[in-house]
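Asker: Before we start, here is the structure in question, set down as structure tokens.
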Amino acid sequence: MATTEIQNPPEEPATPELPDYVLDQDAVLKDVNAKWRHGRAPDYSRTRKIFNETKKCSHTAGSLPDLVEKLVKNWEIEASYKMDLSDWRTIDKTCYTFSVNGGEPQPAEHMLKVGTYNALIAPNEFYCPAHSSFDASHKTFKRMMPTFAWEVLEVYSGPPKVAFKWRHWGVMKEDYSGVNDKGEKVIIKAHGGLIDIEGIAVAEVNDKLQIKSIEVFYDPMNDKSLPPNLDLTKQRASYDITSLNSALSIEEAESIPLLGSPSQSPNPFLDPDVAKHWREVYERAQYECRHVFDPDLTWTKEEEQDLIGKVDWRICTWACVMFFALQVDRANLHQALSDNMLDDLGLTTDDYNHGNVVFLMCFLLAELPSQLVSKKLGPDRWIPMQIVAWSVVAISQCLLDSRAGFLITRGLLGVLEGGFIPIIVLWLSYFYTSRELPIRLSYFWMMLSVTSIITSLLAFALLRLRGVYGWAGWRWLFLGEGLLTLAIGLASFINMPASVVQTKTRFYPRGWFSDREAAIAVNRVLRDDPSKGDMHNREAITPRRLWEVLGEFDLWPLYVLGLVAFIPQGPVSAYLTLTLRSLGFDPFTTNLLTIPATVFHICTLLLVTRISEWLNQRALVAVWQNLWTLPCIIALRFWSGVVDDAWGTFALITVLLSYPYCHAIIAAWVSRNANNVGTRTIATALYNISVQLGGVVHSHIYRDDDKPYYRRGNTRLLIINVFSIFLFLATKAYYVARNRAKEARWRAMSDEERARYLHESEDKGCRRLDFRFAH
């Protein structure tokens, strides 16, 4: 412990009339109703501990130095962490000013904008406030010195003008990294020693001991403030992906959240060169949100949470409603089957399989063209047009009377519905960060199950209309549900904005978001992935770009997963109603018995996606899907009671179809690894094509000559299931290896080569050396 000198100037007794902020150094931390910068009062416990252990002076309680010390400490807390000036209690708001080394006095609003560090430090060869925002400056210095204590050494005069000498000190535990007044990146290696700064201040206070003005004088470059044997590196400032990634795991200070906390995204734009580069990219692309791009914008955790809630309600909810419309019109065929549709039309189960294949082939062939049309017109225009068009075809199914008509309508539905899913995924990516997207996609795919429940209940009612006006129940089913989805399509023209800054319409003249909310929404997404603004939302994909993405083989492992991973449960799900009917259940009971598996499926889908988000793991969590289905498929293949034991078979199928669906995880995985709007547009379509191809495969696994036990089909499902587990693990290993290879090449480059690469390379998407694959 440092030597302690006792200084006892003439004491002024503390009385009950004195304000708490001169009696208690943590008084303002107890202001529970204040608007704190990070959503809560900061924690000064470690700094207070260091202060008590290493301070030079111990002042008598209630003495003038003690009162001054506590006043200044409370003032520093408010200046650093209280975001609303009305919450500051330590200053006289009518006249308060602050100045450094004889500079121009500044109002409190200036410190609120730039931060205490930037207000105290003039541009110099080590640091320049112009290159650092409020939060960035705190991160820079608090990371270097986790605790930075402050004390009063001497007081030279009493109120109303108080002149005093002060000391600010801490241990340099981490390297300093900043940008100086010449725009150079400066790195000073940590030496583990003391950084000690002393200065003089003159403060004028009012009768409430609130600060009216304060003048600070000190030399930031004296021998005590600079480390001994200075290990200094200067280079042209540039964004270094490796340094950012390493920073994500470092706690900035005891009172600041981690860089990746929900209240503030990591901000690559704090590097002026990076901000300039991307601003130019956004201008060239005519990015629709470029006018609200702000590298220095800050916001609170509460603001972000409120905004996410509003985006969830306005954007994610309607995406789910539109997906409901898709699923109703492409899957209500299952309910129609339970009402003897095949017999009414003179069709066999093989005809049913052929209809599924026609639908899937048309669906997947339309995926990429539909995505390209959407990128040109904009999702907000194309998606509503799709829904209206396929709803008309869905309604026309109520007039079917032949095998040809059945196959034609299946093909038309496939063509019109193709591309819908990847377009919606791309649209949602405009509003959410890469960590938030998977759980929103889980809500999206949860609608598969919710739709099954709702349509099962609708079918229970509509199929009872058999005989009304001479129509079969399945005809009423197609008519009623088609009209429902048509209404959703028409409403989508109103409820689907092009972007977060384009919500003001004739129907919503005030828009959905305030100007500040829109700015936060845009900047939080760009800081997570700057490439999300490198294309206009109505900019077409060129044939060259299409060819380039097809050749990005690093994304192909995910396409292979989409092809294979969903096959094992596919035939069991497609044949569920037929299987239940064959077990002796009537049409109405059959539709109700599909509900339990659907409910469990929703729970496991949401759980597995949430776990993936919590652990930041994709492959090792997504593989749980096929680990779940494996024992069930083994039972389907080898259990002697299959089909013969009706309720046992129902229970087995229910457990299998309750599997944790990993589609949301993989779709978001593709979006994340695409690393570019153009690449993402095509990659999400290719992934969905691979899923549909898997659907074509599983449509031919259960055959008429293999029923009712489907031994041959279940043997194939078992082999594919085991292979899927291997694929997930192999994909994980592949991306780990690719990241190591990229890292080795990146580290082998000099600082100049990295800077040149970042600013001049034409590499795009996942081909960039400064990009790392998620896995």
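Every residue number used here counts from 1 along the chain in the order it is shown.
In case you wondered, yes, glycine gets a Cβ from its N, Cα and C as well.
Unlike curated records, TrEMBL annotations are generated automatically.
Taken from TrEMBL, the feature transmembrane segment applies to 412-432, 444-463, 475-494, 588-608, 620-640, 646-670, 682-702, 717-737.
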Asker: Given the cut-off of 8 Å on Cβ pairs that are 6 or more apart in sequence, determine whether the transmembrane segment (475-494) and the transmembrane segment (588-608) share at least 3 such pairs.
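Answerer: Taking Cβ pairs at least 6 residues apart, the transmembrane segment (588-608) and the transmembrane segment (475-494) are not in contact, as fewer than 3 fall under 8 Å.
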Asker: How about long-range neighbours of the transmembrane segment (717-737): same chain, 6 or more residues beyond its ends, C-beta under 8 Å?
Answerer: 557-558, 560-561, 564-565, 567-568, 571-572, 618-620, 622-623, 626-627, 629-630, 633-634, 636-637, 673, 701, 773-775
Asker: Which sequence positions outside the transmembrane segment (620-640), separated from its termini by at least 6 residues, show Cβ-Cβ distances below 8 Å to it?
Answerer: 561, 565, 568-569, 572, 604, 608, 611-612, 652, 655-656, 658-662, 665-666, 669, 710-711, 714-715, 717-718, 721-722, 724-725, 728-729, 732
